[in-house]
Amino acid sequence: MGVSRSFSCRAMGALILGCLLLQASTSNAQLRPDFYFRTCPGVFLIVGKVIVEELGSDPRIAASLLRLHFHDCFVNGCDASVLLDNSTSFRTEKEALPNLNSARGFDVVDRMKAEIERACPRTVSCADVLAIAAQISVLLSGGPWWPVSLGRKDGFEAFFDLSNTALPSPFATLAELKTVFSDAGLNRTSDLVALSGAHTFGRAQCIVITPRLYNFNGTNKPDPSINPTFLTELRNLCPENGNPTVLANFDRATPNTFDSHYYTNLRQGKGVIQSDQELFSTPGADTIRLVELYSKNTFEFFTAFSKSMVRMGKLKPLTGTQGEVRLNCRVVNSRTRGVENEDDGVVSSI
């Protein structure tokens with residue numbers, strides 16, 4: 001499938017914006033947008049090129065790459081721990097329940113890293129690759145732009161156990177969601193509502209949907225907050241005891257577009273997973289006002305999302321000598337850490 005002219009224009013705009021920012025920023029913060037201005041000025045172009053190519057055959061990849069950045073930052077900060085495979089020292093986060101058989105795009109990150117290593121060897125961290133990929137993925141899908149703070153280093157370990165508790169559950173109540181966001185270092189209300197808007201594109205598996213369709217909270221009844229017509233549609237897609245891996249669009253109208261329809265869906269009782277609908281259907285919740293605002297004003301949502309992404313991207317970063325720049329995003333550099341990995345070289349393009 002070819003890339004349309006309009007899509008190509010959005011792609012070019014995204015890459016130009018990234019490159020312009022590298023030249024324009026004068027920030028002296030530890031993380032700063034111009035971090036690779038001299039050492040790898042083409043990093044946005046490289047990452048963007050890979051995403052554009054992948055989107056031609058996989059329209060889900062933009063949402064998947066954004067999700068990888070989320071799942072990285074929520075677990076001990078943005079250190080690319082989610083990308084590590086199993087080793088003799090730790091168990092991979094990929095096998096944790098929130099990621100198992102659902103986190104994807106690792107091969108695409110491998111391609112980005114391989115091309116970056118050819119252009120700028122030992123320079124750009126895998127954690128920064130995820131941050132850049134998330135921003136470009138959103139922009140190419142019709143969403144906002146934000147200044148991506150860069151200069152993270154990669155961590156030396158994965159956190160399997162923490163991944164099972166630190167990531168928001170699709171079955172969480174509003175109170176539980178607020179606790180997770182607060183524990184991560186984010187705002188319990190504003191960041192929660194804004195970042196949840198990432199579910200305006202992408203898919204969810206039936207395994208995380210069916211409990212609220214047939215046996216919500218052990219009642220043997222559906223979640224009462226689901227729109228009755230939407231309930232029928234979801235049951236047709238996800239029958240009881242059906243295939244748990246079948247995918248449902250978070251937004252039926254524009255499943256691959258980053259827009260504010262997510263919030264409109266919540267107001268109509270058409271949130272696909274429980275944790276989304278909780279933002280609007282929890283009686284008296286302070287999140288309701290923001291859902292209503294963003295459903296009516298896309299600019300307000302985009303502004304809030306951009307600010308929250310910047311905050312999330314700064315969660316517990318490793319900088320300076322605290323981490324390393326992995327040559328292969330799946331393994332730590334064994335020569336510098338003495339970790340028993342068979343391959344510490346660059347992953348070839350896939």
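Cβ coordinates are placed from backbone N, Cα and C, and glycine is handled just like the others.
Marked as disulfide bond by TrEMBL: Cys40-Cys120 (among others). Within 10 Å of the Cβ of Cys40 (disulfide bond) there are 19 other Cβ atoms, across all protein chains.
A simple way to gauge crowding: the CB of Arg67 (site 'Transition state stabilizer') has 23 other CB atoms within 10 angstroms, across all the protein chains here. If you look up TrEMBL, you'll see Arg67 marked as site 'Transition state stabilizer'.
Summarising the annotation, TrEMBL assigns active site, proton acceptor to His71. For His71 (active site, proton acceptor), the same-chain residues lying six or more positions away in sequence with a CB closer than 8 A to its CB are Val82, Glu93, Pro98, Asn99, Ala103, Ser163, Leu167.
Here TrEMBL flags Asp72, Val75, Gly77, Asp79, Ser81, Glu93 as Ca(2+) 1 binding site. Cβ neighbours of Asp72 (Ca(2+) 1 binding site) (same chain, under 8 Å, six or more residues apart in sequence): Cys78, Asp79, Ala80, Ser81, Val82, Leu83, Ala127, Leu130.
Note: Cys73 (disulfide bond) has non-local neighbours Ala184, Met312, Gly313, Leu315, i.e. same-chain residues 6+ apart with C-beta under 8 A of its own C-beta. Here TrEMBL flags Cys73-Cys78 (among others) as disulfide bond.
Using a 10 Å radius centred on the Cβ of Cys126 (disulfide bond) and all shown protein chains, the other Cβ atoms total 30. Residues annotated as disulfide bond in TrEMBL: Cys126-Cys329 (among others).
Summarising the annotation, TrEMBL assigns heme b binding site to His199. In this view, His199 (heme b binding site) is surrounded by 22 other Cβ atoms within 10 Å of its Cβ, with every protein chain counted.
Listed in sequence order, Cys206, Ile209, Thr210, Leu213, Val246, Ala248 are the same-chain residues six or more apart from Cys238 (disulfide bond) with CB atoms under 8 A from its CB. Under the heading disulfide bond, TrEMBL lists Cys206-Cys238 (among others).
In sequence order, Tyr36, Thr39, Cys40, Gly42, Val43 constitute the residues six or more apart from Cys120 (disulfide bond) in its chain with CB-CB distances below 8 Å. Annotation for Val75 (Ca(2+) 1 binding site): spatial neighbours Ser81, Val82, Glu93, Phe159, Leu162, Ser163, Ala166, Leu167, criterion Cβ-Cβ under 8 Å with sequence separation of six or more.
There are 29 other Cβ atoms within 10 Å of the Cβ belonging to Cys78 (disulfide bond).
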